[in-house]
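Annotated in TrEMBL:
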DOMAIN    A:2-116  domain 'Response regulatory'
MOD_RES   A:Asp51  4-aspartylphosphate
DNA_BIND  A:124-221  DNA-binding region
DOMAIN    A:124-221  domain 'OmpR/PhoB-type'
Protein chains: 2
Amino acid sequence: MRILIVEDTPDVAEAASASLGRAGFACDIAATLADARACIDITGYAAIVLDLNLPDGSGRDFLRERRRAGDLIPVLVLTAQFSVEDRVGALDEGADDYLVKPFDLRELEARLRALIRREAGRAENRIALAGLDFDAGAQSLRVNGAAVTATRRELALLNLLIANRGRIMPKDRLFDGLFGFENADVGTNTIELYVARLRKKLAGSGVSIETHRGLGYRLDLDG
Amino acid sequence: MRILIVEDTPDVAEAASASLGRAGFACDIAATLADARACIDITGYAAIVLDLNLPDGSGRDFLRERRRAGDLIPVLVLTAQFSVEDRVGALDEGADDYLVKPFDLRELEARLRALIRREAGRAENRIALAGLDFDAGAQSLRVNGAAVTATRRELALLNLLIANRGRIMPKDRLFDGLFGFENADVGTNTIELYVARLRKKLAGSGVSIETHRGLGYRLDLDG
DNA sequence: GTCAAGCTGTCATCAAGCTGTCATGCCACG
DNA sequence: CGTGGCATGACAGCTTGATGACAGCTTGAC
């Protein structure tokens, strides 16, 4: 799950990025609308966290622009405390949710998760597939009833694969989801490595990660 | 367990804060509705103690506002002795309990605990897990039948972990529950410290605090 | 008011285990 | 049967957590 944070205050952006990172999201930070556009052109995001006051324009314009272009990516807007006008306006222009600054990082995380969930058409954070039971909120994983420990990266990968289960995920998509730009120099072999590690932990669960040579990986039920 | 006290009389607010603090709650004080809103936006609370007469408006309006916004956080209202109208009105508007001023600090503590308990869906203050027997009301802890003394912070941490047992609790979440704003500059290493201290006291009880590197801590039965 | 006891949080140091690289071997597909 | 993509074990670096020691402060007793 890759998130774009459009926010020009470094402290806020980095705090959010760190918090969301810990929650298994890969975050990119854009300090201007121009940066944001560049990021969006380069890669896809599961959601955007958008501050309204930016050095090169209003986030509301950006939002309107994206919606006019037919982009339905979930957008969570950050507004100042007393600008009711901005809040309402942003919602009118297609924002999916807003958060008043200063905000609680956990709430940001929870709301983002809710947005992404809604977007994916799912009702729950918890998913059971055959012998696999994964709860994104508690970051807990069970295989055939037994708790299995997994690391942050493994959970992030599993999250991605589950969210797109049945579909073949290109390796670079997985890579984008696991690492933001700041880790862009990581070798692509890493994905293969984590797939291997995940497979070991999912062994016997009834779901497996299939390799599709030259195309990517797909998580699905066995058989 | 973090509590927000909305009260404009410093003496009362500080007495309550000190008393609840001794009971293991982390308290923040807001003297106005504006402050209260700001606090709520910044962090999450297990409950709110709300005075009705505030310099910038009525606590009842605030309460109505929160409920309209879909906020279900438990609210305990403080009312003057003879304003039956306020009392009933506040309950109608979604208050969960009220206390008539002047009130006994111990009663405040007990009622808050009851509210939080109800919210968590538990019927009892006392929880037994394997060889561990924890009573949040009496702040008493027994391990394999033997009384074990624990400090305020240790009990607060244990309380949080037990309330979320089986789930991985991120360190910053634990931090938020243990410290209010006035202690915001405490090093995060403190959580590790108290986890270590708690572990010593829980040794051999059948429950343990697992470390999940990069994710957080989880309290669960051994095995 | 004084004093002792013990709780608190900081620091420094050490240990653990996650992470990503590399090398090597395997397999599918042409 | 060759080649490129993938699998996987081993490893070193480094982030993260564990823990003992200590100083400051709170608390409660007298």
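Heads up, the Cβ atoms here are built off N, Cα and C, so glycines get one too.
All annotation found in TrEMBL is predicted automatically rather than curated by experts.
Confidence over the domain 'Response regulatory' (A:2-116), given as mean pLDDT on the 0 to 100 scale, stands at 84. In the three-state DSSP scheme, A:Asp51 (4-aspartylphosphate) is classed as strand. As a summary of secondary structure, the DNA-binding region (A:124-221) carries 37 helix, 28 strand, 33 coil according to DSSP.
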